[in-house]
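Participant: I have a structure here, written as structure tokens, and I will follow up with some questions on it.
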Amino acid sequence: MEKYIIKLKNKVLREKEISYEEALNLISLDTNNKNDFDILLKSANEIREYFMGRKADLCTIMNAKSGKCSEDCKFCAQSSYYKTGVEEYSLLDYNEILNRAKEMESKGVHRFSLVTSGKGMSGKEFNNILNIYEGLRENTNLKLCASLGIIDYEQAKMLKSAGVTTYHHNVETCRDNFHNICTTHTYKDRIKTIKDAKKAGLDVCVGGIIGMNESEEQRLKMAFEIRELNVKSFPINILNPIKNTPMENYDVLEPMEILKTTAVFRFIIPNVYIRYAGGRLSLKGYDKVGFNGGVNSAIVGDYLTTVGSGIENDKKMIIEQGFEL
């Protein structure tokens with residue numbers, strides 16, 4: 001396997017794309033074989049350094065509207081289909097959001113994203129969030145991101161005009177597995193949102209969740225489908241099973257499995273920010289190994305309904321791995 005890993009690494013470094021079959025062979029690697037596993041991580045790191053350098057990108061998210069979601073995504077604490085006890089509230093007011101944004105900026109965060117529950121936004125609520133973004137643009141130097149569910153082209157244009165630079169919208173899983181994760185909207189709906197955001201001139205941040213009982217083949221399919229979308233950022237969430245959701249009893253992925261997956265993703269999509277997102281605590285401290293194995297960015301602070309890592313601890317750890325912030 002060692003020679004095969006190096007062969008594929010050299011192919012990527014010649015700026016050639018690896019095939020699905022090649023990635024399938026790569027992900028079959030046994031993580032108990034320390035030599036092969038170390039070479040995989042080292043190779044992913046070389047690819048990251050060649051294409052992306054040593055700049056790490058840190059973002060933070062704010063749960064600007066929580067709970068009561070009409071969609072039935074089986075992993076999600078905010079779906080109205082499941083009694084998870086999640087805090088429920090409408091869109092937060094501008095001053096509360098601005099104070100949080102300024103706090104994050106003072107801690108050295110580069111990007112700030114508002115995330116809202118629900119299938120999408122419209123009418124007065126959407127106008128309110130446009131006004132909030134205009135205020136954030138005027139009163140901070142943060143790069144502004146949005147994660148507001150399904151939007152159309154006109155909404156994407158308005159978000160861009162209000163100061164948003166990046167739209168985040170995960171595919172969650174691959175096309176042929178999506179119906180097992182959500183039935184109230186389609187994979188096609190999500191792809192349309194991503195394409196409309198790009199058409200409006202926004203960068204896109206598109207990732208998914210691993211650990212939802214998908215196969216390794218399905219994980220790879222997701223990565224290849226995301227590669228076709230030409231994204232700037234690829235956030236990797238690790239399922240954190242939430243009580244009273246259909247996935248509450250799913251096993252949490254082992255750290256070595258997560259590290260192997262993110263390393264192979266770097267071979268597939270070499271020129272993006274591969275970003276640790278929700279569920280990172282599943283790595284049990286091995287996240288710093290990932291920063292030497294293809295990962296080069298992170299959501300810092302807490303997530304939507306789960307606890308994350310401290311921002312100062314994250315910055316220290318990332319700098320210690322040789323990155324610049």
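Positions of Cβ are set from backbone N, Cα and C atoms, glycine also.
Keep in mind that this is a model prediction, so the values were computed, not measured.
Pulled from Swiss-Prot, these are the listed features:
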| type | residues | note |
| --- | --- | --- |
| BINDING | C69, C73, C76 | [4Fe-4S] cluster binding site |
| BINDING | S113, C145, C205, R275 | [2Fe-2S] cluster binding site |
| DOMAIN | 51-280 | domain 'Radical SAM core' |
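Thinking about packing and proximity, how do these listed features fit into the structure?
Facilitator: Note: C76 ([4Fe-4S] cluster binding site) has non-local neighbours C69, Y82, I242, T245, i.e. same-chain residues 6+ apart with C-beta under 8 A of its own C-beta.
The Cβ of C145 ([2Fe-2S] cluster binding site) lies under 8 Å from the Cβ of C59, R111, F112, S113, L114, V164, T165, T166, Y167, H168, C205, each of which sits 6+ residues away along the same chain. The secondary structure of C145 ([2Fe-2S] cluster binding site), as reduced to three states from DSSP, is extended strand.
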Participant: I need the most crowded of these binding-site residues: C69, C73, C205. Count other C-beta atoms within 10 angstroms of each C-beta and give me the top one.
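Facilitator: Going through C69, C73, C205 one by one, the largest Cβ count within 10 Å is at C205.
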Participant: Using the centroid of the Cβ atoms of S113, C145, C205, R275 as reference, list every other same-chain residue with Cβ within 8 Å of it (recorded [2Fe-2S] cluster site), in sequence order.
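Facilitator: Once S113, C145, C205, R275 are set aside, the remaining close residues are C59, I61, R111, S147, T166, H168, S233, P235, I299.
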Participant: List the Cα distance (Å, whole number) between C73 ([4Fe-4S] cluster binding site) and R275 ([2Fe-2S] cluster binding site).
Facilitator: 22
Participant: Given the recorded [4Fe-4S] cluster site (C69, C73, C76), which additional residues of the same chain have their Cβ within 8 Å of the Cβ centre, ordered by sequence?
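Facilitator: Going along the sequence, the neighbours come out as E71, D72, F75, A77, Q78, S79, Y81, S117, C182.
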